[in-house]
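Peer 1: Take this structure first; my questions come after.
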Amino acid sequence: AQQCAMTGRVTTPLLTLLLLAVAAQAQRLGQPQNLLDSDYYCQGRDENEFFRREPGPEETEQEIRSTCGTYYRCIPASAGKKTISQQRCQTSMVFDVKEQICNIRNRVDNCLIWEKPRKAAPRWPLPEGEVSNCPGDDIQCGSGECVAKNRFCDSYVDCEDESDENYCNPETDPNAAEPCDDTKCRFENGCFCSPDGTRIPNNLNREQAPQMITVTFSGAVNIRNSEIFNSIFTDVAKNKGNDCSAKATFFVSHAFTNYSAVQELHRRGHEIGVNSISNKEGKDYWDNLPAQEYEAEFDGARLISERFANITQGEIMGMRVPGGRAGGNEQFRMMVDWGFLYDSSLAAPRSRYPLWPYTLMHRMPHKCLGTDQNCPSRNFTVWEMVLNELDRRDDVQFDEPLTGCHLVDQCANIVTKEQFKTFLDNNLAHHYSTNRAPLGLHFSAAYFEIRKDFLKVFKDWVKDVASRGDYYFVTMQQVIAWMEAPTELAAINNFQEWKYKCDVKGLPYCTLPNPCASRVPRLFPQEEQMYLHTCEECPRTYPWLYDPEGLGISNFDI
């Protein structure tokens, strides 16, 4: 309304009606009629942080609770300023300012708190024109003392107020990896990076690049869902360009997994990665886990799969942290130390061009996406198989913008078979028509168990797309192999890295696996007994953290 008044394009009566409507809407939402002051609410606030309206001194607790479902976020506006975007939880739900999500009303106890508590911050980077109070490269802590720059974000607290370890994402770590400089990093010299993550390796033209599709499943593999997986990736679902069967990647979590089924997936040429041993849900657990515990969770899960699915050491090279979380520098330090090739946990926002996978030898080429997400900031010789945000709109040309989803399970508005098919086609077309970055379709292991009407759609879609010629359903490791040796579409039939287990025939290694019964880890008190199904010899006890071979030396109560 203010903009219309300034341009003189609205008559005075209409302007009055518009202003009255805005005031009525503000009053209905329980906020003051003069809308929230962006200068006050947005100063020093991250764009990814949500908050509520600050209650006035005269407001009662009952009045505050009535607006608990309305929340706000600061977003960029013109001339470098910020404006405030308003959102509202669904009926019967309120906003949890601590967890930064909408939740059922009786599960939220912080309606009287309007913003997240802010951690102490160091005086870095200094505002333009301001002089540091510390000598040399030292940085001043929020509590006043000076600490050497190289001691910031090193996992050890040095500042009295802990401000040296509070802000350690790629944009805030004083010792962060350098951004990509493609004038120095040349492909012909064995180096590849892309400043924004959208460039095709070796600067191939779009028409020369194959459109790779990575289908992944995360969670426990059992008899029920393994039959579904086998029905999707059949002998007739073949990539026309090289006559190899379509492949997928499975990030296996340990509890309730049938390792004879994992062994069969691996035999047929699918890639096996790890999704941890415990598969815990709490984000704080994964955000703050030290490197030694990440090793127990993920290298332990790898050892279990190698032992009980009979997978050769060195073939399980990828991992994904549960719940779309990441463990920052601690996680990636563990990955380097224990020989993991890639991670596939970090998400990137939707943009005009999707992102290609990248190495962390340079700074991440996108923002650290997610509530309080702990992204790596240092230099690591590890690949990130980034999760591009998927477009869930029915009509990408005319529908209003919607927040995308990185896991297909999160696309809650897709409820019919027709919507699901349109969703698959739209996202494939976006990747194919722009820069042919690999299209990632990431599901939970149980997705098609509870959406059986979608299963036939997906089976037919995989078979149809694979038969077209330019499209290749490949594993994560096969994507990396192509990026390290980009091969033009015309020669892809001779690309040997994609010929391994090209079209596997034959019978499973065993049809009657051993049902190894064991006592139950404390994490699953509702289970009387747990079974580990394997074609190998049974362990003494159920494998778990600190005892991946099941020798009986683990304490489940830890």
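Cβ from N, Cα, C; glycine included.
Marked as disulfide bond by TrEMBL: Cys134-Cys146, Cys141-Cys159, Cys153-Cys168. According to TrEMBL, the feature domain 'Chitin-binding type-2' maps to 39-113. Annotation source TrEMBL lists signal peptide at 1-26.
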Peer 1: Can you check which residue among the disulfide-bonded residues Cys134, Cys159 has the largest number of Cβ atoms within 10 Å of its own?
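Peer 2: Highest number of other Cβ atoms within 10 Å: Cys159.
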Peer 1: Looking only at the domain 'Chitin-binding type-2' (39-113), what is the model's average confidence as pLDDT?
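Peer 2: On average, pLDDT over the domain 'Chitin-binding type-2' (39-113) sits at 87.
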Peer 1: Looking only at Cys141, Cys146, Cys168, the disulfide-bonded residues on record, which one has the least crowded Cβ, with the fewest other Cβ atoms within 10 Å?
Peer 2: Cys146
Peer 1: Can you tell me which of the disulfide-bonded residues Cys134, Cys153, Cys168 is spatially closest to Cys141 (disulfide bond)? Compare CA atoms only.
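Peer 2: Result: the closest of the disulfide-bonded residues to Cys141 (disulfide bond) is Cys134.
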Peer 1: Cα-Cα, whole number of Å: Cys168 (disulfide bond) versus Cys159 (disulfide bond)?
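Peer 2: For Cys168 (disulfide bond) versus Cys159 (disulfide bond), the Cα atoms are 14 Å apart.
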Peer 1: Count the residues of the domain 'Chitin-binding type-2' (39-113) that DSSP assigns to helix (H, G, I), to strand (E, B) and to coil, and report the three numbers in that order.
Peer 2: 15 helix, 24 strand, 36 coil
Peer 1: What count of other C-beta atoms do you get within 10 angstroms of the C-beta of Cys153 (disulfide bond), across all chains shown?
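Peer 2: Here the count is 22.
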Peer 1: To the nearest Å, how far is the Cα of Cys134 (disulfide bond) from the Cα of Cys159 (disulfide bond)?
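Peer 2: With distance taken Cα to Cα, Cys159 (disulfide bond) is 14 Å from Cys134 (disulfide bond).
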